[in-house]
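Quick look at what TrEMBL annotates:
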{"type": "DOMAIN", "residues": "375-427", "note": "domain 'PAC'"}
{"type": "DOMAIN", "residues": "428-484", "note": "domain 'PAS'"}
{"type": "DOMAIN", "residues": "623-676", "note": "domain 'PAC'"}
{"type": "TRANSMEM", "residues": "21-41", "note": "transmembrane segment"}
{"type": "TRANSMEM", "residues": "47-70", "note": "transmembrane segment"}
{"type": "TRANSMEM", "residues": "82-101", "note": "transmembrane segment"}
{"type": "TRANSMEM", "residues": "121-142", "note": "transmembrane segment"}
{"type": "TRANSMEM", "residues": "163-185", "note": "transmembrane segment"}
{"type": "TRANSMEM", "residues": "197-219", "note": "transmembrane segment"}
{"type": "TRANSMEM", "residues": "226-249", "note": "transmembrane segment"}
{"type": "TRANSMEM", "residues": "255-276", "note": "transmembrane segment"}
{"type": "TRANSMEM", "residues": "297-314", "note": "transmembrane segment"}
Amino acid sequence: MDRTAEAALLGSAPAGRSDRRGAAAMAAALLLAFAATAPFAGQQLAAVPAFVPTCNAAIVILDLITAALLHGQYRELGERSFLALACGYAFSALLAAVHGLSFPDAFVPGSLIGGAQTPAWLWVGWHGLFPGFVAAYAALAWRERHPRGGTVAGASPRVTRRAMLTMLGLAAAAILAATAGMSLLPELMAGSVYRSPATRAFLLGAWAGHLTALALLVLSTRGRRVLDLWLAVMLLSALIDLAISAILVNGRYQLGFYAGRVYGLLTAGVVLVILLRQAMRLQSGLVRTLAALRESEARLALIFEVLPIGLGVMDTRGTLVLSNQEMRRFMPGGVMPSRDEARQWRWRGYHPDGRRLAREEFPGARALRGDTVRPGIEMLYTQDDGHETWTRVAAQPLRDASGRITGACAVVADIDAFKRTEAALRASEERLRRVLETEAVGVLFFDWTGTLVGANDVFLRMTGHDRVEIVTRRLTWRHMTPPEWIGESERQLEILAATGRIGPYEKEYFLKDGSRRWMLFAGRDLGDRTIVEYCIDIDDRKRAETALRASEARFRTLVEGVPQLVWRAGQDGGWNWTSPQWTAWTGQDATASLDHGWLRAVHPDDRDAVLAAWRQAAACGGFRAEHRLRHAGEDRYRWMQTQALPLRDAMGKIVEWLGTCTDVDDLRRLQEEQKLLLAELQHRTRNLLAVVGGIAGRTLATSASLEDFETRFDERLAALGRVQALLSREARPGEEARPGEGALAVTLDELVRLELLAHGVDAADRRVQVAGPPVLLPGRSVQLLALALHELSTNAVKHGALGRAGGSLAVSWTLHVPENGGAQHLCLEWREDGVPLPAAAGTHRGFGRELIETSLPYDLGAESRLEFGADGVCCRITLPLATARVATD
């Protein structure tokens, strides 16, 4: 038995530190108790004869249990030291039983067995011979730790019988000597008093025997085992028992006599207690071990079930007695194929020459005949759905201790994927062989010196070389590589040495005729100091790429030169490229404009409309939107027209959009001005026709004849023409039309002086005074006010201050706010002096008076008043600033 198993048994448990401390504490307690009771050992107490048989009965039970446990240790470990100790405890039990029965006055008056000296001699024989068994234990234990042959003989029923018979013979001899041979022995007792010195000599001999046994035990075992420690404690207790119950007293029923019986109980029970305590520990460990074993068995059962291979154990009839789920998949009937008539047809195996295996040649059948079938036979298994699965079946016979075959162990592995992969690999290798012969891929082999050692026909045709050059090893990659590509080729070889792979990389190659062609290379180290490279002729592609780059350069130059912002976008409107014009225009760099970042440059109010147009672009076949875009240089938004067309692939699917942004801000402003100009032209034409019609009607109503009408009408049309010429002149620097009016504004000063000049009166004439702040008159109010000034000027020339000597004219205007509040007003005053007027001068109502007092208030919202004084005419006209404004606004 190995040391691990020995340590799990009661008697062989090694002593630990706690065990030594416990034994030492027990020994110290025994010695303290002895020291406390020894001074009073000779004190006489009442006689209780039944006390001795009672104690002896307990000792008998304890010793017999201890003997049984020690004998069990002997059977398990085979160490005869345990057998000797078991015999000692059995001997002690026998002597203790007879001693109790022989004790005087315990059961009957006098002794039940033997005579008066029997109890004393039985006690001496009991305590005198028991140390011999302990000494035998110590001697045998030392020999068992140092066996001559290296092993312990082991337990033997014959040895056990001999030991027990020897023990029983010794016990019988002691009992017979103390009973039947009592007359031959010296007297040890005189009543209940020990006879000296013979009694003490025998008692000291027994005490010396215990001490000798203790010394042998300590020297031979060194307290290595728990049992050894507590045997020493037991011997110490026995020494104290002998000392206090026999040596320190001189008769029965003294304190030492009774205390000795207690020590006797301790002596009998100390080993039993430690054995039982160890048994409890081992039982607790056993429970834990069993729990762990059950858990381990559960894990093993789970592993057994989930193994990807079928495992099964069969008896000699071929019936599965243990199997996992994978095995039951292949043997659902629970019988191996060669013995299963109903399912035998599902299994097929073949010899290397193609012959089908007979069922006697199946692995299971061979294993039951004693053959070991490993690594197994490949067999086809037909499933219920008709699918055939490749398996590998192995089997091995199971034998008992005598070598007789008791069954077989079989393993079934599903190798269907492997077999089919193997077949696919062969097919792949065949395809690869054919690929290597395709017209598109050249294959060459070279060694680490750079010499070509092989090539396919495609490579030879691509380069113009022949196979003789390959066979004679006249070609090297350096010979075929232009000088400027040597460095790149060497770098690729360094990568090959580090990684085992090369390329893909491109380079030019010399053909046999000295011309060059571009080729793409990739390869790897085959591991046998040979390198394989695959090459593809890409010369046409490289030339096309060169042409494409040139085309792209021209396109880039064109794009960057147009006065538009060019961009490209994905299907969702996210931009993926912008031209430099975009960054220059918006200040947004190319990265920020990617995806939908370009929308940040669009006016926030226009973004939803732009996105809506994008959502409709695919359905409409194009994108078009007008929106405002921030101009970084001007720091304002300008109107842009953005449009894009889709680029489609061969299937008609949109792959991206190409678009432009065109600045239409100036165009939109000119269009707005054009609209205003047309509106103004229409308005002025309608107004002019209305004015002409009004002038004609009023002139006709006040004319005496057609000649008079013609003269007056011409003069008034001339005045109207002068106004139109003034309104239609080109703008002076800094001058502009008023918003919403379309025509240039006219200053009031300019209008007054022009009308006076038309009547031959220079504004520099001393008779004329013109004064007032600069005020601009809008085109729609100039016509009526000019006609009013014309009528006033005509009247002043014909009848007033400008037609008579001594007359004077003052034209002035001011700006003021009415007393009732509101907007500013323009107040114009025409005053003539030095012209005596008749009393009836203000009663005539002609064209001029109607114009001033009726048309101006109606058409311009003016307030006008004519006064005819004794010294001349005064006309006051007040216009709201809605129709007139200060020229410096």
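Glycine is no exception: its Cβ is also placed from the backbone N, Cα and C atoms.
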(request) Return the stretch with the most CB pairs under 8 A relative to the transmembrane segment (226-249), choosing among 21-41, 47-70, 82-101, 121-142. (result) 21-41
(request) Six or more residues out from either end of the transmembrane segment (163-185), which same-chain residues have a Cβ under 8 Å from its Cβ atoms? (result) 80, 83-84, 87-88, 90-91, 94-95, 98, 102, 113-115, 117-118, 121-122, 125-126, 129
(message) Using a Cβ cut-off under 8 Å, which residues of the same chain at least 6 positions beyond either end of the transmembrane segment (21-41) come close to it?
(response) 15, 223, 229-230, 232-233, 236-237, 240, 243-244, 248-249, 254-256, 259, 263, 266, 270
(message) Using Cβ atoms and a strict cutoff of less than 8 Å, what residues sit near the transmembrane segment (121-142) while being 6 or more residues removed from its termini?
(response) 79-82, 84-85, 87-89, 91-92, 95-96, 98-99, 102, 114, 170, 174-175, 177-178, 182, 185, 188, 202-203, 205-206, 209-210, 212-214, 216-217, 219-221, 228, 231, 235, 238, 241-242
